[in-house]
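Record features, source Swiss-Prot:
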MOD_RES   Ser3  phosphoserine
MOD_RES   Lys6  N6-acetyllysine
BINDING   His37, His258, Arg318, Ser345, His416, Asp424, Arg474  substrate binding site
SITE      His37  site 'Important for catalytic activity'
BINDING   Ser40, His77, Gly123, Ser124, Leu125, Gly156, Asn185, Lys244, His258, Phe392, Gln428  thiamine diphosphate binding site
MOD_RES   Ser104  phosphoserine
BINDING   Asp155, Asn185, Leu187  Mg(2+) binding site
MOD_RES   Lys204  N6-acetyllysine
MOD_RES   Lys232  N6-acetyllysine
MOD_RES   Lys241  N6-acetyllysine
SITE      His258  site 'Important for catalytic activity'
MOD_RES   Lys260  N6-acetyllysine
MOD_RES   Tyr275  phosphotyrosine
MOD_RES   Thr287  phosphothreonine
MOD_RES   Ser345  phosphoserine
CROSSLNK  Lys352  SUMO2 cross-link
ACT_SITE  Glu366  active site, proton donor
MOD_RES   Lys538  N6-acetyllysine
MOD_RES   Lys603  N6-acetyllysine
Amino acid sequence: MESYHKPDQQKLQALKDTANRLRISSIQATTAAGSGHPTSCCSAAEIMAVLFFHTMRYKSQDPRNPHNDRFVLSKGHAAPILYAVWAEAGFLAEAELLNLRKISSDLDGHPVPKQAFTDVATGSLGQGLGAACGMAYTGKYFDKASYRVYCLLGDGELSEGSVWEAMAFASIYKLDNLVAILDINRLGQSDPAPLQHQMDIYQKRCEAFGWHAIIVDGHSVEELCKAFGQAKHQPTAIIAKTFKGRGITGVEDKESWHGKPLPKNMAEQIIQEIYSQIQSKKKILATPPQEDAPSVDIANIRMPSLPSYKVGDKIATRKAYGQALAKLGHASDRIIALDGDTKNSTFSEIFKKEHPDRFIECYIAEQNMVSIAVGCATRNRTVPFCSTFAAFFTRAFDQIRMAAISESNINLCGSHCGVSIGEDGPSQMALEDLAMFRSVPTSTVFYPSDGVATEKAVELAANTKGICFIRTSRPENAIIYNNNEDFQVGQAKVVLKSKDDQVTVIGAGVTLHEALAAAELLKKEKINIRVLDPFTIKPLDRKLILDSARATKGRILTVEDHYYEGGIGEAVSSAVVGEPGITVTHLAVNRVPRSGKPAELLKMFGIDRDAIAQAVRGLITKA
């Protein structure tokens, strides 16, 4: 970064005037909406003015230009001042600000990416810095470009552990292109923030996490200009002492005003007071960026060759995932992998070995890992694949939920699903993950049952919009598909069929192989079953399931290494509900499990081949 050059008095006054216009716009918009957070906006007015009209480099009419500096408003409830900034910059019409929070407007109560100037949705506090870290990592290590990343946080969200996961990450990877601005306005939503204005403690905490930390008067444009101009070979935290509701007489630094717009008469009076302080209506033009970000194309990334498995050979789908991802990495240098210190279990270590510069170790911080991936994926710069035990993704559910709201394209691979992992016990067993991922808007849920299907799932996920989840298993199972088998999202496979099938059995992963073993047992009794592999649990192949059910006297049996709630059984039941003559019977894990050998646990919880065979017999006997 350039060394600091103090702005002249004319520029400093122009920044003060800009800050006050931003205050006025925030008050007007929230009063017109009848809701919103004007006091949270007013504490950040000088910060936003200096950032956007002195420090940042961007094209004001092209907010998502890849060369632009990035900005993340982690304290998303201050959205009105972000909108005011883009009106001040000339991208939004001033009149549009008065449509804040209306159903007809794109100016939601918190930032969302239908706004061209918003890369990631915020509002669930504590997540913005992680996304900013992903952007900064991408800028420094993948794009090798000069754009910088700025993230504005509130002091309330500094109680979130995910913030400190991100602080640690930025320090470990020396993200000297990242600046976090802490808006220390003293007051939270219902009470003062725990440290209030103990600025030295904030500084010590940031420094302890390896950041260069600068305390400033957050309402002094001169101090802010100087702080933003201080370059260090480490991430920088600007700790700004501010006052909530700054400039609003009778409200500034007062409790009980969070999330409350000013009444109309009061707003008019306050606006007049603030307006009287503005010396010039002249607006400051944005400074254009240095154009050195490379062109990137992540469309239609394909495997360089077909799978190379042999039918009957055994491999765990978790290992097949690692091999597939490493292989796909040769097709595009924008495929990246992230892991939460489980790479020797998820087998993402294979990717690391072949593409070390594109592997990001996120350590045991799953929430931050998801946020990093979201940041890396912004502006279509990379195609991220995150991996950890599927059980540990449940810790990051809010980040995953917000990724969907962010319209992010990220891929998550969860290994060690179900009781079939064996001796490690219930804390490591993912038994809720299908329910979680199925509930996420924009999600696609892959559940491959062999190495070939896993490789195809990885390739499809890389080219599928939204949140993709790939569920992989620990046990080794046989390859059942030929290498040239075609797989598509939403298309199931009939793995076993005959003209005399009496029950359609649907399983995935380990339970698909148990279903095939059950078919062999039943064949000795002259009972034939049709076995379906759904491949994707969301979307589900409703047509094939219905056709198969009708061909087997309307009988469907689902079997899954997952709890009853929200898994394959409920997905299938939802797909066929209302269809006459069709019944669905479920086999699933019905209680908290325990340690044991995989085969023992499958038997204990009634999802092994014997349980499937017994259930089939029962269905036939009922007829």
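The backbone N, Cα and C atoms fix where each Cβ goes, and this holds for glycine too.
Here the recorded positions are Lys204, Arg474, and the one whose Cβ sees the fewest other Cβ atoms within 10 Å is Lys204.
Its Cβ placed at the centre, Leu187 (Mg(2+) binding site) has 24 other Cβ atoms within 10 Å.
A separation of roughly 13 Å, to the nearest angstrom, links the Cα atoms of His258 (substrate binding site) and Asp155 (Mg(2+) binding site). Within the same chain, residues at least six positions away from Lys241 (N6-acetyllysine) with a Cβ under 8 Å of its Cβ are Ile184, His197, Met199, Ile215, Val216, Asp217, Gly218. Long-range C-beta contacts of Gly123 (thiamine diphosphate binding site), restricted to its own chain and to partners at least six residues apart, with a cutoff below 8 Å, comprise Gly76, His77, Ala79, Gly109, His110, Pro111. Lys260 (N6-acetyllysine) sits 52 Å from Arg474 (substrate binding site), taking the C-alpha atoms as the reference points. With the fewest other Cβ atoms inside 10 Å of its Cβ, the least crowded of the recorded positions Ser40, Ser104, Asn185, Thr287, Gln428 in this structure is Ser104. Comparing the Cα of Lys6 (N6-acetyllysine) with the Cα of every entry in Ser40, Leu187, Arg318, Ser345, Asp424, these being the binding-site residues, the smallest distance points to Ser40. Closest to Asp155 (Mg(2+) binding site) by Cα-Cα distance, out of the recorded positions Leu125, Thr287, Arg318, His416, Gln428, is Leu125.
The most densely surrounded of the recorded positions Lys6, His258 is His258 (count of other Cβ atoms within 10 A of its Cβ). Other than Asp155, Asn185, Leu187, the residues of this chain whose Cβ falls within 8 Å of the Cβ centroid of the Mg(2+) site are, in sequence order, Ser43, Gly154, Gly156, Asp183, Ile184, Arg186, Gly188, Pro192, Ala193, Gln196, Thr242, Lys244. Between the two most distant C-alpha atoms of the annotated substrate binders (His37, His258, Arg318, Ser345, His416, Asp424, Arg474) there are 49 Å. The recorded positions in question are Lys232, Lys352, and the one with the fewest Cβ neighbours inside 10 Å is Lys232. If you draw a 10 Å sphere around the CB of Lys538 (N6-acetyllysine), it holds 19 other CB atoms from the protein chains shown.
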